Amino acid sequence: MLWTDCLTRLRQELSDNVFAMWIRPLVAEETTDSLRLYAPNPYWTRYIQEHHLELISILVEQLSEGRIRQVEILVDSRPGAILSPAEQPATTTAALSSTPVVPQRVKKEVVEPAATQSNKILNSKKRLLNPLFTFSLFVEGRSNQMAAETCRKVLTQLGASQHNPLFLYGPTGLGKTHLMQAVGNALLQAKPNARVMYMTAESFVQDFVSSLQKGKVEEFKKNCRSLDLLLVDDIHLLAGKEASLVEFFYTFNALLDESKQIILTSDRYPKELTELDPRLVSRFSWGLSVGVEPPDIETRIEILLKKAENSGVDLPRNCALFIAQQVVANVRELEGALNKVVAIARFKGSQIDLDVVRESLKDVLAIRARTISVENIQRVVSEYFRIPLKELIGPKRTRIYARPRQLAMGLARELTGDSFPEIGMAFGGRDHSTVMHACEKVQSLKQEDPIFNEDYKNLLRLLQS
């Protein structure tokens with residue numbers, strides 16, 4: 001069934017929480033040339049329309065081989081339709097017991113995929129760009145600002161040698177895929193006929209092996225080497241795939257020879273990819289390599305507020321602050337925490353407040369209470385820099401103690417829910433302004449001093465492991 005196939009693809013494209021909460025409950029009805037989706041209520045319908053209908057429409061057109069080019073989203077007002085508690089009006093029972101009604105259409109519920117959407121797929125189901133991965137929906141902060149600015153610059157100088165290839169590296173879940181696909185989406189917006197291909201390293205291997213088995217290697221080469229923009233995620237996963245590495249090496253060279261833009265992502269800096277062919281690693285460094293780091297607390301707050309706004313959720317700032325203080329690893333975990341808070345609030349039929357947030361994140365809070373505290377941070381920092389704990393906490397202001405102390409204060413603010421005065425008390429009774437200054441100093445030194453930044457990242461990994 002078409003909708004079943006579409007659900008399989010949507011499960012791959014969306015997070016587990018979003019898929020389970022918003023997509024799975026939809027009821028589908030297929031006609032000769034259209035697909036109707038029924039949602040439980042107007043709020044649900046509006047959310048799907050604003051956030052997922054374009055993606056669904058692209059997939060439906062693709063999976064039906066062009067037969068279905070119209071997708072409708074309808075409010076299912078039939079008796080027995082389920083409403084989420086938070087959205088259920090007081091008159092629901094009376095309304096449903098009245099005369100039978102037909103599904104009510106909401107405004108602008110029909111999406112007609114543009115003919116140019118075929119460029120996003122580029123003859124393969126794996127070439128789909130996520131329409132939500134745009135620059136306007138990307139939240140910038142100190143940790144990712146350079147990467148975002150570089151990606152925008154690439155658009156104005158596509159294929160220029162100084163940033164070709166563009167290599168984005170950093171831990172998983174920080175927005176590297178969002179940024180690289182934002183370049184693809186922006187290019188297609190400006191030039192609908194541009195040839196853009198997005199793929200993971202794993203899908204490159206699968207497609208290449210499939211082309212060998214089917215005797216279509218030349219077609220595979222032509223598709224990959226006639227692009228304007230090639231986007232490859234998790235390039236480090238090519239390790240050990242010798243035949244695929246050789247093919248990618250020649251594809252890479254062919255595109256660069258034609259000044260076609262390549263953007264790659266990895267969890268490590270190019271020179272750390274020792275398991276890949278040294279010739280390929282060397283070429284990764286020909287252009288520009290930009291790191292993406294875990295977001296600081298201010299950026300985490302803005303990410304939460306923007307995600308909530310885009311989902312039509314009222315998230316008070318104090319609740320966003322609380323979530324940001326507890327979830328520090330990456331953006332995906334932030335989104336998962338927010339989804340859980342929203343789900344609990346809807347289930348209870350209540351507004352989001354600190355009580356709901358604490359209940360939703362009780363497992364996270366329990367884990368953090370056992371693992372990360374100011375005292376634990378002080379111990380790890382003193383051991384890392386090999387200085388006595390009493391000197392880290394004490395009054396001495398010499399550089400050998402002051403820098404680690406500032407770093408420990410910054411990490412305490414970043415990783416715990418403690419206030420500035422509480423952190424100050426833990427560091428020998430210092431006042432809140434001293435802690436604030438230390439946190440500001442940490443943020444500036446991370447940008448200015450590579451050694452300090454490396455120490456910060458090492459300590460963050462130690463504390464989160």
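In case you wondered, yes, glycine gets a Cβ from its N, Cα and C as well.
The region 'Domain I, interacts with DnaA modulators' feature in Swiss-Prot is assigned to 1-80. Residues or ranges marked as region 'Domain II' in Swiss-Prot (evidence: sequence analysis): 80-127. Annotation source Swiss-Prot lists region 'Domain III, AAA+ region' at 128-345. Positions annotated as ATP binding site by Swiss-Prot: GLY173, GLY175, LYS176, THR177. The region 'Domain IV, binds dsDNA' annotation in Swiss-Prot covers 346-465.
Swiss-Prot feature annotations superimposed on the structure.
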{"residue": "GLY175", "record": "ATP binding site", "Cβ contacts under 8 Å, 6 or more apart": "PHE138, ASN144, VAL292, VAL331"}
{"residue": "LYS176", "record": "ATP binding site", "Cβ contacts under 8 Å, 6 or more apart": "ALA147, LEU168, TYR169, GLY170, ASP233, THR265, VAL292"}
{"residue": "THR177", "record": "ATP binding site", "Cβ contacts under 8 Å, 6 or more apart": "PHE133, ASP233, THR265"}
Cβ-Cβ neighbours of GLY173 (ATP binding site) (radius 10 Å): 16
Residues flanking the ATP site, with Cβ no more than 8 Å from the Cβ centroid of GLY173, GLY175, LYS176, THR177 and excluding those residues themselves: GLY170, THR172, LEU174, HIS178, LEU179, THR265, VAL292, ASN330, VAL331
Helix, strand or coil at THR177 (ATP binding site) [DSSP, three-state]: helix
Counts by DSSP class (helix H/G/I, strand E/B, coil) across the region 'Domain I, interacts with DnaA modulators' (1-80): 41 helix, 16 strand, 23 coil
Tally of DSSP helical, extended and coil residues in the region 'Domain IV, binds dsDNA' (346-465): 93 helix, 0 strand, 27 coil
Overall pLDDT for the region 'Domain II' (80-127), taken as the rounded mean: 37
